[in-house]
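Take a look at the structure set out below.
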Amino acid sequence: MSQFTHINASGEANMVDVSAKAETVREARAEAFVQMSAETLELIVSGSHHKGDVFATARIAGIQAAKKTWDLIPLCHPLLLTKVEVQLEAIESENKVRIESVCKLAGKTGVEMEALTAASVAALTIYDMCKAVQKDIVIENVRLLEKTGGKSGHFKVES
């Protein structure tokens, strides 16, 4: 079994030293779902939500969040991201929104946390913008879908 990388021999949490690692191109994809009523989803899809374009706001929030991951998650490194993409898709047959984020860089540490943060904050932004019309919205199934690069290599969720 793999060991925790952020815990030292004394059991204390520390930021991992990546100074000796080689720079490689690294990319990660994550997703999140936001479950809501058909009426709330229709407000978003039709563009008639009183707060404006929910998807555009959530997309920008996700991008901003990816860039601030190091400031939100205590042991994450500040990274020079070269790409952050957040896509939102209404799945009207299931009354939900699917969010997929992609983060990329050439660096010494991975971007999984940045991709997960982007998807999570985009989902939280949808909740924030819609809570006035529906309070029981559910954010669910936030997960890493795929990552490439680095020592641990390629990981992809089994469908």
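Yeah, the Cβs are placed from backbone N, Cα and C, and that goes for glycine too.
According to Swiss-Prot, the protein carries these features:
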ACT_SITE  Asp128  active site
BINDING   Leu75, Cys76, His77, Met113, Glu114  substrate binding site
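For the pair Met113 (substrate binding site) and the residue listed as 'active site', the C-alpha distance works out to 22 angstrom. Separation of the C-alpha atoms of the residue listed as 'active site' and Cys76 (substrate binding site): 26 Å, rounded to the nearest whole number. Neighbour counts were taken at the CB atom with a 10 A radius for the binding-site residues Leu75, Cys76; the maximum falls on Cys76. In this record, substrate is bound by Leu75, Cys76, His77, Met113, Glu114; the longest C-alpha to C-alpha distance in that set is 12 Å. Cβ neighbour count for the residue listed as 'active site' (all protein chains, 10 Å cutoff from its Cβ): 16.
The Cβ neighbour count for Glu114 (substrate binding site), using a 10 Å radius and every protein chain shown, is 28.
Counting only residues at least six positions away in the same chain, the Cβ atoms of Met15, Val16, Val18, Trp70, Thr109 sit under 8 Å from the Cβ of His77 (substrate binding site). For Met113 (substrate binding site), the number of other Cβ atoms no farther than 10 Å from its own Cβ, over all displayed protein chains, is 22. Close to the recorded substrate site, the chain also has Thr69, Trp70, Ile73, Leu79, Thr109: residues not among Leu75, Cys76, His77, Met113, Glu114 whose Cβ is within 8 Å of the site's Cβ mean position.
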